[in-house]
Amino acid sequence: MRKDVRILLVGEPKVGKTSLIMSLVSEEFPDEVPLRAEEITIPADVTPERVPTHIVDYSEAEQSEEQLYQEISKANVICIVYSVNNKKSIEKVTSHWIPLINDRTDKDSRVPLILVGNKSDLVEHSSMETILPIMNQYQDIETCVECSAKNLKNISELFYYAQKAVLHPTGPLYCPEEKELKPSCIKALTRIFKVSDLDNDGILNDNELNFFQRTCFNTPLAPQALEDVKNVVRRNMNDGVKDNGLTLKGFLFLHTLFIQRGRHETTWTVLRRFGYDDDLELTQEYLFPIIKIPPDCTTELNHNAYLFLQSVFDKHDKDRDCALSPDEVKDLFKVFPYMPWGPDVNNTVCTNDQGWLTYQGYLSQWTLTTYLDVQRSLEYLGYLGYSIIYEQESQAAAITVTRNKCIDLQKKQTQRSVFRCNVLGARGSGKTGFLQAFLGRNLQRQRRIREDHKSLYAISTTYVYGQEKYLLLHEVMPDFDFLLDSDLACDVVCLVYDVNNPCSFEYAAKVYKQYFIDSKTPCVFIAAKSELHEVRQHYSLSPHDFCRKHKLHPPQLFTCNSPDAPSKDIYTRLTTMAMYPHVAQADLKNSTFWLRASVGATVFAVLGFAMYRALLKQRGYYYIYTAAESAQLRREWVKHLWKAMQLSTSGVTHNENICTDICSEVEREESCAEPCGPTKGPNDQNTAFQISKDFQRTEPFSNKGDYDHPQPDRKPAGPEIHYDVPSAVLRKLPNYCTGKYN
């Protein structure tokens with residue numbers, strides 16, 4: 001919407017142009033009228049649309065034609081004034097003034113015109129019969145107003161309509177000859193309908209109509225008002241209402257009706273609320289809100305953004321198969337002016353067996369776009385209506401700007417969720433295969449990818465210590481002499497070489513020594529195509545010796561030539577290294593470091609559980625479980641402790657014997673009908689039960705609802721046996737001491 005409005009009054013001499021302006025300002029007819037009134041500015045707070053309005057008078061006696069042309073070029077709307085009792089002034093409207101104005105304005109940006117019939121107090125008849133043919137002949141004429149400067153009749157209305165013609169023009173919306181909405185207006189309103197159709201069923205139900213009403217006009221519609229609107233549509237078209245909801249045709253009909261009845265402001269209010277400007281294009285302010293990103297910071301979607309994108313996915317996943325077919329993707333992007341995702345997207349994120357975007361792949365692509373080009377992500381969210389549906393000031397509310405990476409290093413922790421790994425290597429070393437393997441594709445599936453559909457990026461989720469993180473792999477084109485800053489800026493580096501190519505390792509080694517030897521960025525060498533015969537590399541040091549010399553991990557063997565989906569262990573390791581770059585490389589490659597970490601995590605978990613039980617004891621609470629509940633607790637407890645020992649990373653020598661012993665212990669205890677025999681309650685009736693040292697079992701209270709609190713006066717009743725949280729299955733864990741819990 002314009003920030004101000006400039007109104008120019010033109011017409012033959014003595015038709016009352018100056019009188020109209022002075023009557024508006026003084027609210028009375030002037031005794032003496034000057035040849036020309038000075039430019040007047042009406043403040044925003046006294047105008048209906050809250051926009052400052054400038055009113056400019058033209059006098060042929062005081063101004064030249066050149067000055068007139070300048071004023072025409074600056075005007076937002078022009079009022080052509082004629083006298084209703086002077087036929088010659090009416091004729092001049094078409095013979096002189098309209099052609100003059102059209103000659104001085106661009107054809108594509110014509111100024112709206114208002115015909116003003118002054119001195120209506122001098123005649124008893126109306127001039128509308130003469131004016132209507134003129135209005136039908138010229139599309140630029142917005143309306144005609146008959147008024148009287150002497151009687152103050154319709155003076156305020158005149159300038160209101162002039163202001164309205166600028167702020168709510170008919171031209172972009174409606175074609176008077178065809179009596180229908182223009183294509184650009186239909187396109188904009190169709191997008192608004194689809195955004196408001198929250199369940200994507202093709203109709204706006206009462207809830208969606210009320211949401212739309214609140215969004216645009218800050219007030220809901222009463223139930224009767226909703227019915228009245230639908231009844232108006234029903235009376236005028238057959239398919240405007242379906243299943244008691246408003247269809248797209250009915251929605252477009254209502255706006256056509258608004259415009260035909262002179263209520264352009266209703267349609268314009270809707271359009272502007274959804275981000276459109278006077279040319280029915282989404283504004284730059286709407287699509288690209290300002291967001292400040294300090295150096296060395298990244299951008300991610302926040303929780304609300306992911307919830308919104310999830311709702312969009314669910315809205316278009318009509319067959320509920322957790323994947324978007326090509327038709328469903330097209331339907332999702334109908335609110336876009338272009339197709340934002342190309343065929344390379346299917347080779348950037350996870351897809352199902354049919355090559356369709358999965359839910360995880362869909363979110364991954366949004367994460368990738370936000371990380372690499374946040375402005376593009378803001379634009380896409382704008383098309384989908386994020387700020388409108390979530391009632392936010394702009395799409396910027398969906399973005400989290402992470403803190404500086406240097407601060408993460410200092411604090412030795414990060415809150416980021418997306419980590420970038422640049423993959424470098426000589427041509428043919430296996431970089432593309434490494435990226436595609438991250439998406440679960442073996443070599444056989446990779447061979448089916450068309451060359452023009454390949455992607456330099458791959459993104460998916462990994463789990464580090466139970467936390468879901470995104471790992472973004474970027475294949476850097478092999479050009480040793482021209483690596484850009486963007487090729488070097490990342491969280492972890494993968495240097496890939498082909499074990500079967502004797503010249504492959506040299507490139508990776510030179511890149512490391514040139515760009516990363518003094519960097520704090522963690523680096524890993526990947527020995528790709530490990531299923532092939534390993535040959536001696538034409539380099540002064542073998543890959544293992546090179547890594548040992550520079551205190552790096554030994555080269556990690558990797559292959560994607562397998563019948564099943566490739567292993568993701570290496571990608572979990574890369575994510576872990578990106579999350580914890582402060583950990584020394586020497587420690588990272590040392591298995592004892594991970595063993596110490598695993599034992600520490602285990603001891604921490606056990607001590608935490610013991611403290612929890614001690615607190616319960618102090619408060620007088622006891623938790624007793626049935627045999628089935630106890631078995632489930634055993635399984636969950638062992639699973640979490642074993643996860644803590646594995647730490648979701650490589651560099652740990654997995655002790656399969658410990659794992660086998662623990663699982664065997666669980667299975668043995670679950671299969672044993674009487675693990676250690678029932679215990680007898682003591683003679684002292686004030687003690688509710690006693691727990692054995694090896695396997696806690698008690699006789700129950702008669703009322704299971706009382707188990708949370710000890711009841712000294714109750715006697716054991718019922719044959720059912722209940723078990724407390726087991727400890728025997730944990731004895732084989734390091735440093736674990738069995739205690740007596742009561």
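Positions of Cβ are set from backbone N, Cα and C atoms, glycine also.
Note: TrEMBL annotation is automatic and uncurated.
Look at TrEMBL and you will find 705-721 tagged as compositional bias 'Basic and acidic residues'.
The domain 'Miro' annotation in TrEMBL covers 2-168 (among others).
Per TrEMBL, domain 'EF-hand' is recorded for 304-339. Here the domain 'EF-hand' (304-339) has a mean pLDDT of 95 out of 100.
Summarising the annotation, TrEMBL assigns domain 'Miro' to 416-580 (among others).
What TrEMBL records for 698-721 is region 'Disordered'.
TrEMBL lists 593-612 with the feature transmembrane segment.
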| task | Grab the same-chain neighbours of the domain 'EF-hand' (304-339) for me: Cβ-Cβ under 8 Å, and only residues 6 or more beyond its ends, written as numbers and ranges. | result | 191, 194-195, 198-200, 351-352, 354, 356-359, 362-363, 366, 380-381, 383-386, 389-390, 397-399
| note | Checked against DSSP, the composition of the domain 'EF-hand' (304-339) is 23 helix, 2 strand, 11 coil
